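Each remark here refers to the structure printed beneath this line.
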Amino acid sequence: MSSDADARRQALDPARSFIVQAPAGSGKTELLTQRYLRLLTTVQHPEQILAITFTRKAAAEMRNRILQALHGADGPAPPEEHKRTTWTLAAAVKKQDRRHGWQLADHPSRLRIQTIDALNAGLARRLPVLSGTGAALEPAEDTHPLYEAAVARLIERLGDGSAESACLETLVIHLGNRVDRLDKLLRDLLAKRDQWLHPIMNAAAHDDLRGMLEQTLSDLIERHLTQLCAELPAPLRAEVWVLTSYAAANLLRGADLPPGRRALFEACVENSASGATALEARGECLQAWLAVTEVFLRKEGQVYKSVNVRQGFPPQDTAMKSRMRETLAALAENADLCAYLALLRELPAPHYSTGQWRVLQALLTVLPLAVAELQLVFQAQGKADYLENALRALRALGTNEAPTDLALAFDYRLQHLLIDECQDTSFAQFDLLERLTAGWTPGDGRTLFCVGDPMQSIYRFRQAEVGLFLQLRRQGLRTVQLEPLRLTANFRSLRPLVEWVNQVFPSVLSPRDDPEQGAVKYSPSEAVRGAYPSSEAVRGAADANIAIHSGDAEPADQAQNGNSALTSAGLAPNQDGSPEADTLPVGVHVHAALDEDASAQALRVVHIVREARRLDPAGSIAVLVMARPHVQQIAAALSAASIDFQAIEIELLRSRPVVQDLIALTRALVHPADRTAWLAVLRAPWCGLSLADLHALVGMDRKHTINELLAQAQLENGWPEALGTQGRIRIGRVHAVLRTALHERGRVSLRDWVERTWNSLGGPACLQREQDLDDAQAFLERLEQIEVAGDLADVARLEEQLERLFARPRGEQEAQQAGPVPGPAGIELMTIHKAKGLEFDTVILPELHRRMRNEDQELLRWTRVPGHGGIVFAPLKAQDAEVDPMYRWVERLERQRGSCERARLLYVAATRARRALHLLGSVRSRQDDSGVRLVEPREGSMLRMLWGALRPRFEELTSASPVALPPVPPASGRILRRLPLSWQAPAADSAVPAQPPPLAGIDASAPDFDWVTETARHVGTLVHRELERLVRNGLAVAGGAVPADAAPRLATELAELGVPPQRCEAAVLRVFEAIENILSDARGCWLLGIGEPIQEAESELALSGVVNGRVVSSVIDRSFVDARGIRWIVDFKTSTHEGGQLAWFLDSEVERYRPQLRRYVQLMRCLHPAQPVRAALYFPLLRQWREVEV
């Protein structure tokens, strides 16, 4: 039984509302599933329960778990306690299902489990007029053009003489007459309008706008003073005031006081004359507090260590000096108190200056206009961002005081609300939650269940505000009181890892919860698993949870040298070749280094990966980084070491060579005078000029474009003598293509123009792998999206678009086509943000000494504190101003919140590991007479956060003899890849069956199942594969089935595709069901040629050809010629349908896949122009057939 069993039991009480803190590995999703099942046993209709998640993946996983639980309830009860609880609840739901006729197995869509974005969109659609939706708006994949258009429309008002124009002019002048800067800053603000729009509109409606905003500012200052007073006991505070007044009076007698300090001390003396202390938690006392900082704190913020006349204590007054020393000692003992005192200097005045208010007024006028322009752009283009649905959903629900009919109807239906990942709630989402529950009353039977972990709140860039979770736990909602529960069991990580995290992270995170600072206190966990994977009962030594790899030694080297508490080398393998389970490397491994650069760190990662794969070939490995740029060297090192890996949303599409060549070609065509682009075109593989030939061709001539030089040389046959024969031949072929292409400008679309030229140059023939063709197509598709009238209006726009477009992970397509193969588990490279919610046997955290990039300055900064209804706005300082105190204060507060989040990011990274965690970092060192000294890690780095725990490991390096890593192989010279001199473009006037190895990429990746769950997508992949296997081996017979002994093989293949173990059994059954349906269905047997002869039957037929002037390649699931001579193209779809209206669903699938089938038919007609060709979709799980007119 877990240590938190009582909390888990309480969480299943359907009559109470809870907020549950669920740390990493605590089984949060299982608890949510159990709660949902328990609630289903109490309601009349399943739609009375709503579960909200933040991602489609989380929603799909929760739905699948519930459906699997209901399916499993028909079988025997499992022995594990937590699974038995789920089974019992699911069995009760099955009874409720039969009692009320829900038919959840046939209509799983009645389970209302959806993302918050889907909920917002649904609310906006249900009340389109009030929400402002009007016609349905499609979610925009790329929102930047929408923001650009809105701001451009707004800036067009400059100079039209209106009041709005005057406000815009104020902002332009404030920014140093930089209209471009205003444009960018406004676009950035539109992307965050959910944070400031509602407060601005409320503020604008206030009679005394300035007074309201300044009152909020004063309230926040008083909150800080209240915290300070809480740390400073009244007797000590009185003594501080006496000493400050005494020092102020003495210092005023000097003549060299700066005006600011003199004003502070004069006010201090005046206040002290009244006999009362001025050190209270009130805004008007701020000047007195600042006088205290001048007397007690050094310039850097530390408390003085000595007392002298410069502080206002003359030598002759020994009594007061003694009192001052005692007070300084008392203050120095309280680090939090000293920090609060130091922060006083950064607090702004509790009012806006005239200049600040003028700029802020202009902003408060301009920003709503920018939003209005954005609304018009949305309507004109029929697209909107996700924020728009969120804002319109709020409008559709009305306010807490004046709810709409929709809100009342929604309130009537909703009985129970569950919120997953509640720590990632934004202010707008919190407002939605309050409006959804506005009509609830105590005792009405409705409940709210919030689950989250504030220690894993890492999405501030998506406006997540961890303080809202803390507020919910402390205060609940207006209409709902929440009982706090904490889970402590950790089912993921082995005991040494859990103990290390418990030991280290209390000092990494904050000592207390602080919503204003975004700080979260550490909540410890208890390990459920043992010290080693094979035996949960094994318990190692209490201190044997950290392995030290000092200096430059490899992990194995250090283990053999005896420097590791947990050795990770010399494991005796089992007979099957796997290592002994209880000798697998576990715990935390610190790889400390001095003065190591990124390439050396990358090499160290390679050694760790190799060792981990040697010891546990089947174990999963992840390399997690803070930011994408941090992974480049590691990816290069792994590639050089021939280690396969997948980089999840790491590599930008523009970094791929084929895309770089296409960018150069696009720029050369659009701008013939772009010298750099033309040189790149001539250097690209389709031409491959040497550097010597390029120099001979271009030389020092900068008066003519390269195109002009080429044309002149060919016209006059005046090639430079230094240009070799091969170079002339290559240039002649390439320039002929480019010359023809330039004449085609404006006659076709930009995409077709670039693609045709690329094909004619031989671009596809230069590709090295099928994935390169995918990259090229992705680039061309994006080019098609941004072209204007067949041209590229702005090359910078193309570059900007490509900065946000990620390439597919290397090897992904090949893995999908080839299917699972035996071998070691893959390596995954990803950011820590992407790893949230995942787990791996081994986690590697490299380059902990690196810092995150600082945030850019914004035109307007603001701060809101959970639990306080107001907002503080701080406009950006003027172009020529040194600093703006209010902007600096809000910026510092945001930096502090960012620092707290980085600590939580480190916690998320460390808790992804099941068995082993590797920490890599390097610090700089200095040599002096006393030896080698360490330079502390930079502020803001993760190594700095861990420095208290890891510093002894690095100090050992100062006296140790370094052991060198194996040398990095020298970089080989770059090989110039280019087409053979005799290459000619092949005739591409008809389709031909693709032969292995394919010359061009094909779209043989798994069919598009993004709209369903990951498990369903993999089931579809395996059904396609199994059908091909049965047909190829002659095992497809009417009424047949997949051989029973194939189940283990199918389970293995599903696991290798990524299906979680708990879902494999159900997934295997789904594969069996699909195959059996086909073999028992007359239509299915006909498709496979069972019982009725068919000719020229092919499964997984790969075709490549030219369609509408473009090279396309496809893989057809099934093709054959029937008895009437008709050639059929059939696409198998292993879709399932949730809910009624099956015919509507099938019709929508037909429309969805019609373009794909049309392309197949066009390719096939090129091969068989005289033969009738027809196409259809077949749904084996539904036993449905739809012929598709193309």
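First residue shown is number 1, and so on along the chain.
Using N, Cα and C of the backbone, Cβ positions are placed for all residues, glycine too.
Checking TrEMBL for region 'Disordered' across the ranges 74-103, 554-583 points to 554-583. Mean pLDDT across the domain 'UvrD-like helicase C-terminal' (536-837) comes to 73 in this model. For Ala22 (ATP binding site), the same-chain residues lying six or more positions away in sequence with a CB closer than 8 A to its CB are Lys28, Leu31, Val451, Gly452, Asp453, Leu487. Each of the binding-site residues Ala24, Gly25, Ser26, Gly27, Thr29 was scored by other CB atoms within 10 A of its CB, and the lowest score goes to Thr29.
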